[in-house]
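Just below is one structure, and these are the notes that go with it.
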Amino acid sequence: MSDGTASARSSSPLDRDPAFRVITVTKETGLGLKILGGINRNEGPLVYIHEVIPGGDCYKDGRLKPGDQLVSINKESMIGVSFEEAKSIITRAKLRSESPWEIAFIRQKSYCGHPGNICCPSPQVSEDCGPQTSTFTLLSSPSETLLPKTSSTPQTQDSTFPSCKAIQTKPEHDKTEHSPITSLDNSPADTSNADIAPAWTDDDSGPQGKISLNPSVRLKAEKLEMALNYLGIQPTKEQREALREQVQADSKGTVSFGDFVQVARSLFCLQLDEVNVGVHEIPSILDSQLLPCDSLEADEVGKLRQERNAALEERNVLKEKLLESEKHRKQLIEELQNVKQEAKAVAEETRALRSRIHLAEAAQRQAHGMEMDYEEVIRLLEAEVSELKAQLADYSDQNKESVQDLRKRVTVLDCQLRKSEMARKAFKASTERLLGFIEAIQEVLLDSSAPLSTLSERRAVLASQTSLPLLARNGRSFPATLLLESKELVRSVRAILDMDCLPYGWEEAYTADGIKYFINHVTQTTSWIHPVMSALNLSCAEESEEDCPRELTDPKS
């Protein structure tokens, strides 16, 4: 829980006091404070914290301590109120459950032994408190409280309360050595007046002796104005200026205590009446702030011893718990270190996995790019293959046409080859016949001058060899017969030659019935008639017409 900020107040020395604090405490179970003091109690007129009850809100907060002066609770002033009014203020604050505790207090530094007890004028116990504690001086700030010291007090009480015994005074002593009271803010040069006269004197006229300040003591004006604030008097700016004008301050800012009391009596008479403090009570109120503590009763000392022992036992238990918690903390620290190392290892592994994932993603992107490139190459290859297939189809069509042409040409050439072979055979036979005829004619012509008997024998031989019947039958007209024979031979040879002489690309063939027909391999056509038969018939007719007149004229000659 954080400290609350001070509420808006009029500018005063209280606001400038470093010991003045305003805190905010969360309201949960209860305030948990035991108080003492008030204007109707001997430890007053201010209200102090006697004890912080364990389990309460202030105990959980931990900022309030026994001995702190309460200034206000939830902006209700605790200055100039009685003990009962202070309790009613706390009760009213408890009923306001919706708001947290807003507590203004002044931290006191000087305690008498036990933290729950501050210097008190009497061992009287208040209604809600334990042994009553004394109030601090109103003439100095809480952080600079002045306590008188005695050198003649014997230490007869328990060592638990050394500071309280150090300031106790006993009625049996007639004289007590006192140290002068000076403001801590003053320099050593300002203590000369205090050395001349003691700061306060004892008044042992009763069981509770009073200690009054020397009027010649010089104190800070701000401290004296703060004492007025403790009394519940809030001087205005004009009153503060008038007070400083009437009280003469030296170069150090200190004023005489007696002069300040007289001026305060004249200026703040009405305000003292409002807070139920008479003018005659101001010195007693101011003087009652430096009362030493009386000795505590034996039962209270025993009670405090028991509380101390219980506190020591609780401290030992807390120490053991602290050691256990320290061991547990060390174990937790070791576990934390192990967890940190594991976390570092996991983080490194995570970074390695992330790097591997990045590399895998990069490789995947590269593979995807290569796959896209392969697909593009495949598409290009498929397009090229389709183009090549189209070209191949065109080329195959052209090849088919060229093959068909070649086949036609081969067929025609084969036909021509066969025809040439047949013509060769026909020419060979015709040539042999012609050669035989010529040889026979030559022998006949050579032997024409031989005797007739020899000639007749040779004719018979030639006729048998050359098959010339006409020449053998008609011996009388030998030249005419020879001419006729030669014509017949020429006709027969021509018939042999012309019969097998077909035009280019023509070939004769036979059907299954043995009928001859002619095939034109160039035009892929067939014909039943010989392609040159008509031309051959015409030529034969012309020759016969020419030979007939000649045969008719030869016998006449």
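Counting begins at 1 with the first residue displayed.
Note that Cβ sites are derived from N, Cα and C of the backbone, with glycine treated the same way.
Here the candidates are Ser99, Ser122, and Swiss-Prot annotates Ser99 as phosphoserine. The modified residues considered are Ser99, Ser216; of these, Ser99 has the fewest other C-beta atoms within 10 angstroms of its C-beta.
Remark: secondary structure over the domain 'PDZ' (19-105) totals 18 helix, 29 strand, 40 coil, with classes taken from DSSP.
A separation of roughly 48 Å, to the nearest angstrom, links the Cα atoms of Ser99 (phosphoserine) and Ser216 (phosphoserine). Within the domain 'WW' (500-533), the DSSP-based counts of helix, strand and coil residues read 1 helix, 13 strand, 20 coil.
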